[in-house]
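Peer 1: Under the heading transmembrane segment, TrEMBL lists 42-59, 170-191, 334-352, 364-381, 393-412. The domain 'Fatty acid hydroxylase' feature in TrEMBL is assigned to 117-248. What TrEMBL records for 334-428 is domain 'Alkylglycerol monooxygenase C-terminal'.
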Amino acid sequence: SEAGGPRATAPGQQLRALFYVLPPGESSFRTVEEVPDYVEKSIPFFIAFIGLEFAVSWVQKRKLAGRINDGISSLSLGILSRLPDVLFRSVDLISYIYVWNNYRLFELPWDSPWTWYVTLLGVDFAYYCFHRISHEVNILWAAHQVHHSSEDYNLFTALRQSVLQKYTSWIFNLPMALFIPPSVFAVHLQFNLLYQFWIHTEVVTKLGPLEWILNTPSHHRVHHGRNPYCIDKNYGGTLIIWDRIFGTFEAEDAKVVYGLTHPVNSFDPIMLQLRPLVHIWNTFWATPGFCNKLSVIFKGPGWGPGKPRLGLPEEIPVITGKEVPFNPSVPACLNWYAVVHFAIIMELYTGLLGTVTMLSQGTILLRIGFIILSLTSFGLLMENRQDKNHTFFFSHILEIIRCLVFVAVYKLGHLRSQFSSLGSAYEV
């Protein structure tokens, strides 16, 4: 790589980074600018592992690991969560570097293995604290619930992220900025996130003695369950030791039913992001008393006047095991249509990531706007609602408008494929 630029990573290194087994000697850097974008470079591995999961699931159970509508919804939310990073540097790093530059107490050596392992523990503990509070404070849960909104549990679910969550999580990392170099923190912030990708699966059962130390697919399945025994358990990112220490650990027992206790029943990524905030807003104004209004925001999602901070466990809906996921009937041709068009948007999105430094601000904003429009349109098509609100009519008109906008901006040169040979096919 060029001096001061991000280091290149070999495929083998990138694969090991996904499992947090890239040792200090290969993942220690003097400056933040040298740290590779491990998350972006992992996209091909995400796709490969999703394909592998589907294949293993078919061999094991003779059924696929997910559904087209839910998978597109999860990927849409993943793309949506990353779009702000196209325009701005990560708020985690901006805030961390500011505290480091102005308030650090002392400086651990960036190239010491001890610093690397201390940062591993620090980042993971900070994640545990933030993750737990995100379940116990209503306004934070409104953002985090996006990740729990899928009623499937597969590697697509790992990519289902909130746009808003990153704007509160940064606070929990700041104590490390008093003594841990930003370059070391930047590595572990990515590794902690990447590790959590592969644990979102049902094809891996138990991992023996590793279950005592690491967060595993079994432990994380519990965390995503809406069974009463699963609620507010297993907050760990990479390690499960924090849950064992602080009493929030629960082993997998009865078959886990996934999703929210009160399902949202939507594939629209914008609706999934905003509906909980609208609910808090309406509840805030409907609740009498100033202190009660504040409690609506800062106590648990299940709180109400006269209830404990986290609500009453007996009010959690009973799970019968016969719950049916939200899965509207959609013609096969519409499913294939959505898959093909989503693949085009994925290609345009990865192309945007690769060329963002060469594009004007206006072109970047235009591409981001078109991607958001497309993801919203796909979500509405997958819902296939034919109700009195004319959603069916609206969703199809929106898709026609989206296609016309695509052809126009493509002809004007504001959208370009990485593969010039596909230009005519995209217009068709």
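Including glycine, each Cβ sits where the backbone N, Cα and C put it.
Bear in mind that TrEMBL entries carry predicted annotations, made automatically and left uncurated.
Give me the lay of the land around each of these features.
Peer 2: Restricting the average to the domain 'Fatty acid hydroxylase' (117-248) gives a pLDDT of 96.
Here the transmembrane segment (334-352) has Cβ contacts under 8 Å with residues 43, 68-69, 72, 75-76, 79, 86, 359, 364, 367-368, 370-371, 374-375, 378, 381-382, 384, 415-419, 422, 426 of the same chain, all six or more residues outside its ends.
The DSSP breakdown of the domain 'Alkylglycerol monooxygenase C-terminal' (334-428) into helical (H, G, I), extended (E, B) and coil residues amounts to 77 helix, 0 strand, 18 coil.
Note on the transmembrane segment (364-381): residues 72-73, 76, 79-80, 83, 86-87, 266-271, 330, 334, 337-338, 341-342, 345, 348-349, 352, 356, 391, 394-396, 398-399, 402, 405-406, 409, 414-415 of its chain, located 6 or more positions outside it, place their CB under 8 angstroms from a CB of the stretch.
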Peer 1: Using DSSP, break the domain 'Fatty acid hydroxylase' (117-248) down into helix, strand and coil residues and give each count.
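Peer 2: For that range the per-state counts are 86 helix, 3 strand, 43 coil.
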